[in-house]
Amino acid sequence: LFDHLIGNMENHRNVTEFILTGFKLHPGSQFFLSVLFSTMYIVTVVGNACMILIIRMDSKLHTPMYFFLENLSILDICYSSVITPKAALTFSLGRRTISYNGCASQMFFFSLFGTTEAFFLAVMAYDRFTAICNPLLYHIIMNKRLCVFMVVGSYLSGCINCTIQTGFTFSLSFCGPKEINHFFCDVPAVMHTSCSDTFVNEIVMLVVCGSIIVGTALVVFISYVYIIITIVQMPSAESRHRAFSTCSSHMLAVSLFFGTVFFMYAQPGATSSPDKSNTISILYTVVIPMLNPFIYTLRNKEVKGCLKKQLKRK
């Protein structure tokens, strides 16, 4: 298999570039999209950078939950940076070409950060499960060693998936017009442009991506089933409200991410509707990384309290 992949990559060296044709509208709309993407990217970077600074500056937030949240913010900046700046330039300058190597690199890093985010959300769900269902053992179970191991493990899982996805996709043959009906080099969209038989690749994508999405979503679902059961059994309304408030923001972020990603990658025929996927892709590539810091800030009393304290100092 390895020799087959290497041989095909050698054969495709004559393919020098692709053309991104997603959202091909009249100039006025293109300019609007460019401004919109640029604004959302700036908000994403500033919002997540502020989240990182708030967590690092306040010692009260040096807990496992905020350690994961800080890493999620770093990941969201990287995740958005792979797609959004290139898309904004494409819309503003009208240069829709992307080199063969550039396309492969974009797919690799997008798959890496996207997969890692799915594992991060599962890890954060397990963290909330431990905090609410086993509060007395929380600091023993969620020790620093385990937290670091979970973060590194999430990135390693992302590396495995992005290597498989990029390797299999760019082992295909590309002939005729190299037009990708998308605004970035996503796996289904690039696969759709190939003149090879993509059946095996689609099965690999469905099995690998599907197992990752379903597996991480199951961890989240099972964790929250136990969390909800524990919250319902709490004696006082105040303790129930406090427990629910610590995980409501995470539940919202999880619903947004897994809902859109499952629609894109974890169902048969994911490559058959590229037009529909363009709009949905904006949600998890641009909107969700921008919304995450606001979701976790506006619905979190500890973060809001630390933010107010820092503003008063200034």
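Keep in mind that glycine also has a Cβ here, set from the backbone N, Cα and C atoms.
Here the structure is a predicted model, which means the values were calculated and not measured.
Straight from TrEMBL, the features:
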DOMAIN    47-296  domain 'G-protein coupled receptors family 1 profile'
TRANSMEM  31-55  transmembrane segment
TRANSMEM  67-88  transmembrane segment
TRANSMEM  108-126  transmembrane segment
TRANSMEM  146-168  transmembrane segment
TRANSMEM  203-231  transmembrane segment
TRANSMEM  243-266  transmembrane segment
TRANSMEM  278-298  transmembrane segment
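Between the transmembrane segment (203-231) and the transmembrane segment (278-298), the number of CB pairs under 8 angstroms, six or more residues apart, is fewer than three, so the stretches are not in contact.
When Cβ-Cβ distances below 8 Å are used as the criterion, the transmembrane segment (243-266) is approached by residues 65, 114, 117-118, 121, 124-125, 128, 131-132, 187-188, 205-206, 209-210, 213-214, 216-217, 220, 224, 227, 230-231, 234, 277, 280-281, 283-284, 288, 291-292, 295-296, 298-301 of the same chain, each at least six residues removed from its ends.
Under the criterion of 3 or more C-beta pairs below 8 Å, with sequence separation of 6 or more, the transmembrane segment (31-55) and the transmembrane segment (278-298) qualify as touching.
Long-range Cβ contacts of the transmembrane segment (67-88) within its own chain (Cβ-Cβ under 8 Å, at least 6 residues beyond either end) map to 33-34, 37-38, 40-41, 44-45, 48-49, 51-52, 55-56, 98, 106, 109-110, 113-114, 116-117, 120-121, 123-124, 127, 147, 150-151, 183-184, 285-286, 288-290, 292-293, 296.
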